[in-house]
Amino acid sequence: MNTATGFIVLLVLATVIGCISADFQGGFEPYEEEDAERIFRRSPTCIPTGQPCPYNENCCNQSCTYKANENGNQVKRCD
């Protein structure tokens, strides 16, 4: 067995031992629902003036109207 193979074997062994000890210490327990909501909570953002808007409530000023784009097509943009 050469040095590289021995290093890989030791790395795999350390990973397996680490996973086993994390499981014994409760490292793989599922998150509680409130923890998941805290971690994945979306920050409130709004679409600035002049940007395309699919819904009025996403615009910073809550107003969205049809305007001509560079191709002459009518698209909804935040006012």
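From the backbone N, Cα and C atoms, a Cβ is placed for every residue, glycine too.
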C53, C60 - which one Swiss-Prot pairs with C46 by disulfide:
C60
C19, C53 - which one Swiss-Prot pairs with C64 by disulfide:
C53
Report, in whole Å, the straight Cα-to-Cα distance of C78 (disulfide bond) from C46 (disulfide bond).
10
Looking at the disulfide-bonded residues C46, C78, which sits with the largest number of other Cβ atoms within 10 Å of its Cβ?
C78
